[in-house]
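Pulled from Swiss-Prot, these are the features on record:
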REGION    1-21  region 'Disordered'
COMPBIAS  1-10  compositional bias 'Basic and acidic residues'
REGION    155-183  region 'Disordered'
COMPBIAS  168-178  compositional bias 'Low complexity'
DOMAIN    299-487  domain 'Helicase ATP-binding'
BINDING   Ile346, Pro347, Leu348, Thr349, Gly350, Leu351, Cys352, Lys353  ATP binding site
MOTIF     472-475  motif 'DEGH box'
CROSSLNK  Lys615  ubiquitin cross-link
DOMAIN    631-790  domain 'Helicase C-terminal'
Amino acid sequence: MQIPKYENKPFKPPRRVGSNKYTQLKPTATAVTTAPISKAKVTVNLKRSISAGPTLNLAKKPNNLSSNENTRYFTIMYRKPTTKKHKTWSGDGYATLKASSDKLCFYNEAGKFLGSSMLPSDSDSLFETLFKAGSNEVQLDYELKENAEIRSAKEALSQNMGNPNPPTTSTTETVPSTKNDGGKYQMPLSQLFSLNTVKRFKSVTKQTNEHMTTVPKTSQNSKAKKYYPVFDVNKIDNPIVMNKNAAAEVDVIVDPLLGKFLRPHQREGVKFMYDCLMGLARPTIENPDIDCTTKSLVLENDSDISGCLLADDMGLGKTLMSITLIWTLIRQTPFASKVSCSQSGIPLTGLCKKILVVCPVTLIGNWKREFGKWLNLSRIGVLTLSSRNSPDMDKMAVRNFLKVQRTYQVLIIGYEKLLSVSEELEKNKHLIDMLVCDEGHRLKNGASKILNTLKSLDIRRKLLLTGTPIQNDLNEFFTIIDFINPGILGSFASFKRRFIIPITRARDTANRYNEELLEKGEERSKEMIEITKRFILRRTNAILEKYLPPKTDIILFCKPYSQQILAFKDILQGARLDFGRLTFSSSLGLITLLKKVCNSPGLVGSDPYYKSHIKDTQSQDSYSRSLNSGKLRVLMTLLEGIRKGTKEKVVVVSNYTQTLDIIENLMNMAGMSHCRLDGSIPAKQRDSIVTSFNRNPAIFGFLLSAKSGGVGLNLVGASRLILFDNDWNPSVDLQAMSRIHRDGQKKPCFIYRLVTTGCIDEKILQRQLMKNSLSQKFLGDSEMRNKESSNDDLFNKEDLKDLFSVHTDTKSNTHDLICSCDGLGEEIEYPETNQQQNTVELRKRSTTTWTSALDLQKKMNEAATNDDAKKSQYIRQCLVHYKHIDPARQDELFDEVITDSFTDLKDSITFAFVKPGEICLREQ
């Protein structure tokens with residue numbers, strides 16, 4: 001309305017309607033038209049709102065809901081103005097633009113008008129321009145082109161702006177039908193601004209449930225909001241659709257950004273983990289060869305399960321599978337009605353908002369790189385605590401991570417750092433939706449502070465990743481399982497009574513012929529397998545054969561030096577062993593000392609067991625001067641052959657830093673460039689060392705400590721690895737050997753294991769070959785285990801005594817146990833034996849009521865012979881597909897490096913087992 005310039009004149013009262021002194025204005029197309037006030041009277045052109053009379057509409061809100069086909073529709077994002085560095089949008093909505101106008105009108109997702117803004121002068125920058133609309137900043141997202149999208153936008157806007165119900169306060173006034181001669185509607189100025197309020201009718205009776213109309217359920221359901229998944233399954237090639245329960249409202253579909261990279265076993269793994277964390281029962285799959293990942297099955301709930309143990313072998317992509325699961329749960333949820341959704345019914349948030357990843361400190365950088373590699377850190381916020389932070393800074397960072405919603409979704413923290421920030425995590429534990437524990441076998445100790453801290457957080461959804469969760473201790477197995485799914489195995493007392501005692505008795509060599517105990521142990525084992533297979537997934541790296549380059553495994557038996565033989569004899573005589581009281585624990589120090597002699601006699605003098613129990617000064621001096629050994633000679637010859645004969649890099653692994661010191665000195669003397677990673681290297685430097693080795697072609701070797709640095713590292717820059725010594729725990733060696741043969745490797749790989757012939761090295765190797773039987777049994781490697789392999793402890797006290805014997809008259813004690821071939825490089829086929837039948841027969845005969853002394857002695861001899869035969873059978877099964885090679889008869893070892901070096905090594909290598917890698921085409 002235009003107000004005339006004020007003039008100081010005497011007051012004149014306004015004239016009544018009907019006066020002929022009003023000024024007539026020509027009607028226009030606008031909703032409200034006013035005329036300048038002349039002599040305190042106004043002429044107004046009114047728009048009829050009802051047929052009873054003219055109305056005046058003072059609302060200036062633009063209405064772009066007309067059926068004009070020239071109107072363009074856009075989706076928008078809006079927010080309040082902010083000075084934050086990382087800005088986020090607070091909501092979505094629509095914008096309309098009429099062809100006859102240069103003004104954009106903005107609405108939120110509910111159709112509420114936000115404001116309008118003029119078009120920018122440069123039409124090319126339309127979608128980059130930040131518009132000002134009321135108190136909001138608005139940016140166009142994209143223009144709606146599809147008819148269905150435009151129709152949906154019109155419906156969303158009309159729900160609010162086209163509401164037929166009258167508002168409680170009306171801005172439209174009904175004017176009496178009073179006409180003058182000219183057909184104009186006129187009113188005094190005072191009446192123009194005194195608007196009446198239309199009040200809603202209020203019933204005099206109180207409305208109760210009895211008076212309310214009952215709406216049929218079918219009608220209610222028809223009006224219920226429909227929800228849709230984040231991704232359209234029809235637009236994705238080979239989608240991964242998660243299973244669901246009956247209460248699910250939408251399908252959860254893996255983001256194709258990640259799904260297109262997943263291999264078949266990884267697709268199955270992601271779906272298995274999702275089922276476990278969502279508490280779904282395992283589906284019944286009739287044909288496991290059929291791909292079921294593209295279909296969503298409706299499963300029943302399993303209230304006992306809320307966690308998962310992914311126990312795949314190293315190199316199968318556990319990290320990628322975990323990242324896929326994390327991203328899926330952050331972005332999506334099957335229960336759309338419980339989260340905020342877009343106006344089209346698509347969930348805007350996922351089931352999990354904050355996820356805690358706990359791992360060894362050496363893997364923190366690797367986890368963050370993997371998130372960046374697969375998702376890009378602009379899509380997901382990943383927080384890692386800097387090693388330069390003070391404890392207070394770490395606590396503040398954790399506090400902010402939990403309380404600030406949109407900046408970070410994932411916190412990656414080391415196991416040790418977890419203890420220092422446990423108080424902050426405990427205070428806000430209700431905000432943590434999911435826990436991921438990498439290298440989860442570190443939690444096998446029930447008294448561990450780290451384990452108790454994680455338990456106190458009481459996070460329902462848990463995912464544990466490990467390559468070797470169990471070896472031969474059911475107590476540790478219970479600790480891990482009870483942490484993942486508390487109470488699923490009952491209390492420890494009941495678990496011990498029902499499972500540990502029967503299974504342990506069945507594995508005791510003293511009860512090997514007791515049919516009743518063995519049957520009960522087998523029954524309990526099967527029962528435990530049925531329970532744990534609901535949430536444990538275990539696959540071997542045999543799956544990788546068609547994805548990775550071929551790998552050749554070579555076991556080299558190295559002849560000990562004479563100085564080493566003398567050291568063995570002196571130590572065993574000086575130890576004065578009492579084999580009657582000998583146990584594995586009491587002899588552990590002596591075992592470690594003998595292992596050092598296998599590496600180099602020069603390590604004897606600094607050994608604590610040698611100093612406290614033997615301490616022969618004269619012998620110690622002679623040992624310290626003798627640094628060489630059979631394995632060191634073979635090692636240096638191999639390194640020289642690799643450097644001169646190939647352009648490849650090599651990793652050398654040992655369990656002892658003192659051994660690495662000796663190897664490092666020898667490499668320096670030979671002019672071999674190298675880097676080293678062991679427990680003394682600060683965590684913040686480890687990633688840079690690994691990256692430098694993988695990328696710098698000038699670095700030839702990498703010295704690696706198996707225990708402190710052999711977990712989770714990616715050393716694909718090397719294609720050859722030499723395992724210098726063995727560990728009692730086969731998982732340590734397997735972890736170390738898998739550093740090079742993994743995703744990202746482009747060259748054929750060669751793994752060399754060095755073993756001192758006839759010494760404790762061989763005994764450890766034999767135990768490693770058989771120690772996996774319990775893991776294979778409870779983790780489902782059924783195709784790799786013999787039914788009898790888990791019924792016995794493979795080493796008893798007699799075997800322990802044999803550890804301290806040195807066989808100087810053999811080329812390979814291991815080969816002597818399993819085979820009598822000539823070592824001509826052939827792969828030996830072993831016929832099926834009737835060993836199991838003989839064992840059952842001995843059991844039946846041992847359960848008779850009375851036995852004479854002569855028969856007892858005869859049965860004991862038969863039992864001893866049977867035990868040796870069983871041990872040989874187990875080792876043969878572990879060495880299947882290996883070729884037996886005697887260097888004196890055959891000089892082809894299926895590796896050009898060692899074959900070319902045979903001239904120098906014929907006197908140092910006594911025997912070899914070789915498993916050649918088959919050429920596998922990498923799946924495109």
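Sequential numbering from 1, following the chain as shown.
Every residue, even glycine, has its Cβ placed from backbone N, Cα and C.
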Fewest other CB within 10 angstroms, which one of the binding-site residues Pro347, Gly350?
Gly350
In this structure, the one of the binding-site residues Leu348, Leu351, Cys352 whose CB has the fewest other CB atoms within 10 Å is Leu348
Return the residues near Lys353 (ATP binding site) by Cβ distance under 8 Å, restricted to its own chain and a separation of at least 6 in sequence.
Ile330, Gln405, Gln409, Leu431, Asp433
Tell me the Cβ neighbour count for Thr349 (ATP binding site), meaning other Cβ atoms within 10 Å of its Cβ, over all protein chains shown.
16
With an 8 Å cut-off on Cβ-Cβ distance and a minimum sequence separation of at least 6, pull the same-chain contacts of Ile346 (ATP binding site), or say none.
Tyr227, Tyr228, Pro229, Val230, Ala336
Find the average pLDDT over the motif 'DEGH box' (472-475) in the predicted model and report it.
80
